[in-house]
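Noted in TrEMBL for the protein shown:
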- CYS355: active site (ACT_SITE)
- CYS358: active site (ACT_SITE)
- ARG152, THR154, TRP165, SER213, HIS216, ARG248: FAD binding site (BINDING)
- CYS56-CYS61: disulfide bond (DISULFID)
- CYS355-CYS358: disulfide bond (DISULFID)
Amino acid sequence: LTGVLDDCLCDIESIDDFNTFKIFPKIQKLQERDYFRYYKVNLKRPCPFWADDGHCSIKDCHVEPCPESKIPVGIKAGSSNKYSKAANNSKELEDCEQANKLGAVNSTLSNQSKEAFIDWARYDDSQDHFCELDDERSPDAQYVDLLLNPERYTGYKGPSAWRVWNSIYEENCFKPRSVYRPLNPLAPSRGESFYTWLEGLCLEKRVFYKLISGLHASINLHLCANYLLEETWGKPRWGPNVKEFTRRFDPVETKGEGPRRLKNLYFLYLIELRALSKVAPYFERSVVDLYTGNGHEDAESKALLLDIFRDTKSFHMHFDEKSMFAGDKKGAKSLKEEFRLHFKNISRIMDCVGCDKCRLWGKLQTQGLGTALKILFSEKEIQSLPENSPSKGFQLTRQEIVALVNAFGRLSTSIRELQNFKVLLQQTR
């Protein structure tokens with residue numbers, strides 16, 4: 001990929017350099033700190049749009065004899081008595097354990113961590129959001145250590161995964177039924193009309209589609225970069241899968257669609273980068289601590305975060321969101337509300353993802369993007385924040401802060417992985 005991105009005056013090479021040398025090393029460090037590594041999530045919320053259609057990609061996983069305690073709820077089928085006891089044989093138990101290893105969410109926490117979370121909860125506040133937020137008081141909500149549960153290939157694919165993305169694009173991206181996305185197996189034609197339709201949209205709706213496409217591209221990149229290459233003697237080896245990357249992004253194999261998706265990834269990176277630069281004044285106030293109870297670590301975390309904000313402000317080719325929702329006030333207000341509700345719906349669809357690990361990272365990255373949008377639409381409120389007292393007009397919960405940083409960390413990683421794939425592809429030619 002080279003050249004200037006559509007809808008903004010920024011070139012890909014500048015983003016690559018900025019990300020590689022300034023952002024990526026620092027955001028990696030920040031994500032390892034206690035404040036940012038624990039994320040509270042409810043992985044048990046039912047899908048609000050359709051009945052669960054089975055969870056795990058390994059066909060024999062859904063068997064009753066597997067011990068309840070071993071199987072994450074996301075891999076199981078909707079009801080435990082759906083499968084007969086006759087299905088209990090060793091092959092199925094092996095497959096079940098294999099699926100459990102691939103998709104299981106490691107939820108071990110120390111007592112010290114649990115105490116810190118009680119304190120963190122006191123710092124949280126809530127208001128109108130772009131995302132459907134998990135109820136953190138629900139007994140089903142649990143803290144997850146993101147470092148113990150890296151986003152990677154889990155074997156989750158097929159009709160269930162396709163249905164989630166299809167629902168996101170078909171019902172929430174302002175698209176008429178008569179226009180089909182490229183590479184859609186259900187499309188009667190090759191989808192040439194899609195880009196004609198997209199270019200005809202207003203900027204806001206075009207941006208919305210690009211954000212979702214960029215998120216999709218980023219997630220696919222993570223799966224290609226952290227793929228289960230082999231499992232010998234029970235020891236899995238994870239790493240980049242060039243063949244999988246080529247299948248998803250190569251211009252020839254994707255009929256030119258892959259590079260467009262990667263451009264949308266860069267566009268999403270710019271949007272979230274812009275949000276970070278805009279929210280800096282919120283964190284620069286002394287009243288905001290990244291509170292874990294360890295004063296020394298908290299001060300270091302905040303210093304590192306403010307250092308990243310300084311870098312984001314130094315980038316000279318930001319996306320200018322002032323061009324969005326700039327029409328007549330009434331029309332702009334209703335479009336912004338439509339934008340918010342569509343995005344909120346997408347966050348609810350994440351509860352339909354059938355693999356716990358994929359659901360965890362899907363929810364986190366959606367909430368991170370939702371938080372970025374909330375920031376971009378709250379510029380006036382952020383600029384008028386009081387220095388020494390909690391803000392009334394604009395507030396971020398700890399959940400939103402953790403999601404914002406980790407979601408941007410995922411995008412930064414995607415762009416870094418893209419550089420790695422460039423090198424690997426040159427080596428294989």
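Backbone N, Cα and C define each Cβ position, glycine as well.
Annotations in TrEMBL come from automatic prediction, not curation.
Neighbour counts of Cβ atoms within 10 Å were compared across the binding-site residues THR154, SER213; the minimum falls on THR154. With CYS358 (active site) as the anchor, the candidate binding-site residues are ARG152, TRP165, HIS216, ARG248, and the one with the nearest CA is ARG152. Of the recorded residues, SER213 (FAD binding site) and CYS355 (active site) place their C-alpha atoms 21 Å from one another. Annotated pair THR154 (FAD binding site) and CYS355 (active site), C-alpha to C-alpha distance, rounded: 8 Å. Taking every pair among ARG152, THR154, TRP165, SER213, HIS216, ARG248, the residues listed as contacting FAD, the largest Cα to Cα separation comes to 21 Å.
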